[in-house]
Amino acid sequence: MSRFHSLLAFVVASLTAVAHAGIGPVADLTITNAAVSPDGFSRQAVVVNGGTPGPLITGNMGDRFQLNVIDNLTNHTMVKSTSIHWHGFFQKGTNWADGPAFINQCPISSGHSFLYDFQVPDQAGTFWYHSHLSTQYCDGLRGPFVVYDPNDPAADLYDVDNDDTVITLVDWYHVAAKLGPAFPLGADATLINGKGRSPSTTTADLSVISVTPGKRYRFRLVSLSCDPNYTFSIDGHNMTIIETDSINTAPLVVDSIQIFAAQRYSFVLEANQAVDNYWIRANPNFGNVGFTGGINSAILRYDGAAAVEPTTTQTTSTAPLNEVNLHPLVTTAVPGSPVAGGVDLAINMAFNFNGTNFFINGTSFTPPTVPVLLQIISGAQNAQDLLPSGSVYSLPSNADIEISFPATAAAPGAPHPFHLHGHAFAVVRSAGSTVYNYDNPIFRDVVSTGTPAAGDNVTIRFRTDNPGPWFLHCHIDFHLEAGFAVVFAEDIPDVASANPVPQAWSDLCPTYDALDPSDQ
């Protein structure tokens, strides 16, 4: 009998461990509505496998990911269809699996499922996933995604890198996105690893991250934000950045990190302070700022410390992260020649806003009824033939492209973080800098486009080696919903042959188009 009880205890312990473990590379993601109260306030949300943020998805470089998304949404106050983007993955040959609704697919209808099936042959690092339909991810459909490299070149810099060292940042709202203002004046709460407090719920539980003295931890910081950027710090501790948006990075020691929506950093933290509790801080750039009552906070707890809230104080940051100091671990050639305009095609993105919608080069993005990928597969071969008119830019194959984003007071809400799908790009001019670096700039997939006050003209470069329509947009989701986006139709003649689509993908549009608008 004792052997049976031992076995039972082992099984229970194993199940408990699995409940907190990452899923993947083959997994079901069931999307439902549920009441959640991550900050002590209960509201209906969009959850993944029962929770928000959704479960950590993990795998190894070289894996084939087969992620079956099952849409069981029923709440009419939120979008009932869905579509999921796997943020940071190049999707080479699987443009149809990238996820943005009406760019790469029709949404998945409620009561239906869709299998995202893609290879990750040459990428590793920290990614995430989120709804790419309307503002649905703000209501909860967002989660972290890590691809491990068995031959990680930074492996000797840390001792621990597991599910428990992923740190997610979430802006949380008490009102569903479609019921609230078009441009909220700040989140109600900041959630760190799914827990937090609002100014009216200061007794809610906070996340605790445990460390063992003397160990070195690779923390993977992921901004799942819909809007604010955060200044992240841990009292009494420096952080050594080793990864930027899944790009291995030359080690850089900082004491605070400004992280914009959708960006990721890995940093090494050495647990070398006195055994105690230390505040983890993620201060948003607007809204409920500061730390009164434990808002915008979590707890770093050394093994052996009492289970109490920290009493540590924040010191002035003397080594904040500056993007110009980030460099790839392995120097990577910058596309084009090392002079201004030394590319095959340079495009300037002129921003504007009319009080309701954002514009790029005079056009506000409105989702087409037929996905751009389907338009191309169906025979449209020129940008002028692709909808939405004025928002699709044709890019030639195997060309060096430069994009500039001059900051302007005409587009309020800066700094706007811009994300390019299907690529990592070289940031040849960063926000806050007037220097053009063609030598060793960081590569990443989300960049702050800075502020007009700084006279910023953030400039990026990439090479067109990945046929397909790829979204370029502000990752403040409320701004994207207001049209702050364009589509790059890359190598149009080769899109169909390079991206064979499964029958299930072809079935998405007829199913979605048959829905009553109230069920979409």
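From the backbone N, Cα and C atoms, a Cβ is placed for every residue, glycine too.
Features of the protein shown, as given by Swiss-Prot:
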- His85, His419: Cu cation 1 binding site (BINDING)
- His87, His130, His475: Cu cation 2 binding site (BINDING)
- His132, His421, His473: Cu cation 3 binding site (BINDING)
- His416, Cys474, His479: Cu cation 4 binding site (BINDING)
- 160-302: domain 'Plastocyanin-like 2' (DOMAIN)
- 369-491: domain 'Plastocyanin-like 3' (DOMAIN)
- Asn72: N-linked glycosylation site (CARBOHYD)
- Asn75: N-linked glycosylation site (CARBOHYD)
- Asn229: N-linked glycosylation site (CARBOHYD)
- Asn238: N-linked glycosylation site (CARBOHYD)
- Asn354: N-linked glycosylation site (CARBOHYD)
- Asn361: N-linked glycosylation site (CARBOHYD)
- 1-21: signal peptide (SIGNAL)
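Sequence features annotated in Swiss-Prot and their locations in the structure.
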{"residue": "Asn72", "record": "N-linked glycosylation site", "Cβ within 10 Å": "14"}
{"residue": "Asn75", "record": "N-linked glycosylation site", "Cβ within 10 Å": "16"}
{"residue": "His85", "record": "Cu cation 1 binding site", "Cβ within 10 Å": "26"}
{"residue": "His130", "record": "Cu cation 2 binding site", "Cβ within 10 Å": "27"}
{"residue": "His132", "record": "Cu cation 3 binding site", "Cβ within 10 Å": "28"}
{"residue": "His416", "record": "Cu cation 4 binding site", "Cβ within 10 Å": "25"}
{"residue": "His419", "record": "Cu cation 1 binding site", "Cβ within 10 Å": "24"}
{"residue": "His473", "record": "Cu cation 3 binding site", "Cβ within 10 Å": "25"}
{"residue": "Cys474", "record": "Cu cation 4 binding site", "Cβ within 10 Å": "27"}
{"residue": "His479", "record": "Cu cation 4 binding site", "Cβ within 10 Å": "25"}
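Residue density at Asn361 (N-linked glycosylation site): 14 other Cβ atoms are found within 10 A of its Cβ, drawing on all protein chains shown. Using Cys474 (Cu cation 4 binding site) as the reference Cα, a 10 A cut-off selects His419 from the recorded positions His85, His87, Asn354, His419. Summary for the glycosylation sites Asn229, Asn238, Asn354: the Cβ-based neighbour count within 10 Å is maximal at Asn229. Within 10 Å of His132 (Cu cation 3 binding site), as judged by C-alpha distances, the recorded positions found are His85; the full candidate list was Asn72, His85, Asn229, Asn238. Cα of His473 (Cu cation 3 binding site) to Cα of His419 (Cu cation 1 binding site): a distance of 6 Å. Taken residue by residue, the domain 'Plastocyanin-like 2' (160-302) breaks down under DSSP into 6 helix, 69 strand, 68 coil. Around the Cβ of His475 (Cu cation 2 binding site), 24 further Cβ atoms fall within 10 Å across all displayed protein chains. Within 10 Å of His85 (Cu cation 1 binding site), counting CA to CA, the recorded positions Asn72, His130, His416, His475, His479 contribute His130. The distance from the Cα of His416 (Cu cation 4 binding site) to the Cα of Asn354 (N-linked glycosylation site) comes to 16 Å.
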